[in-house]
Amino acid sequence: SQVLVTIYADYIAPLFDKFIPLPEGELKQQIETMAKSIDFPLTKVYVVEGSKRSSHSNAYFYGFFKNKRIVLFDTLLEDYSALNKEAAEEDGENEETKSKTKSKKQGCKNEEVLAVLGHELGHWKLGHTVKNIIISQMNSFLCFFLFAVLIGRKELFAAFGFYDTQPTLIGLMIIFQFIFSPYNEVLSFCLTVLSRRFEFQADAFAKELGKAKDLYSALIKLNKDNLGFPVSDWIFSMWHYSHPPLLERLQALKDAKQE
């Protein structure tokens, strides 16, 4: 897992998408200033051409120890969005067409991009990434340990009609498809609850940086660009959504935004 995390961003991801350094300018300076203010060891900032695959907007960071890098999707930035560039290149538009183009403008302003990054850096500052890695490794260890304990139990195979033999492949299917099934459902729900808690905490961190108003507007734009539906059934979302529904996040930011 650690090897894949280390080599994915530098060697695997560039095989599928083009990464370019964010040019010098106001946005880069603001990102570096914000990173420095929370002691985030930033070394490079990239823009990835995600618009070739979808309109999905995102930002993330990667790297171990003192070698952290930030990646921004071009769909997140108004100045880099391919959709905006195509609209700007069209000539001879009438007023109705221009109005439609303006309403479809993709991406966020610099202040909103900084708010989104404030949320992402909140995950780092609050240790969410490390906690998720630890939980993942503990779960992997537990699965292997239980498999080692159960694979030698004759009654397990006998319950499925294998009285004289104990095929390892059959044991693997029985253990992971039947015995681990309820465990995985409970674990999945617990991780979903934890993930939602982490998201609210990261939003609160961005709020502490003074980015509540910009994050509020950025979340609305991202939901629109990512074709998200703002209304969710609370029971369904509680069980299935790793991120809180848009309206819940906006409500949590509302008081700070009004201030």
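For all residues, glycine too, the Cβ spot is worked out from N, Cα and C.
With a 10 A radius on its CB, GLU120 (active site) counts 17 other CB atoms from all the protein chains. Marked as active site by TrEMBL: GLU120.
Applying an 8 A CB threshold to same-chain residues 6+ apart, the list for ASP203 (active site, proton donor) reads HIS119, GLY122, LEU215, ARG249, ALA252, LEU253. Sequence annotations record features per position, and here TrEMBL assigns active site, proton donor to ASP203.
Per TrEMBL, Zn(2+) binding site is recorded for HIS119, HIS123, GLU199. Its own atom aside, the Cβ of HIS119 (Zn(2+) binding site) has 24 Cβ atoms within 10 angstroms in the protein chains shown.
The feature domain 'Peptidase M48' is assigned by TrEMBL to 21-255.
Per TrEMBL, the feature transmembrane segment maps to 141-163 (among others).
The annotation transmembrane segment is assigned in TrEMBL to 169-194 (among others). Residues 135, 139, 143, 146-147, 150-151, 156-157, 160, 162, 238-242 of the same chain lie 6+ residues outside the transmembrane segment (169-194) yet bring a C-beta within less than 8 angstroms of a C-beta in it.
When averaged over the domain 'Peptidase M48' (21-255), pLDDT in the model lands at 84.
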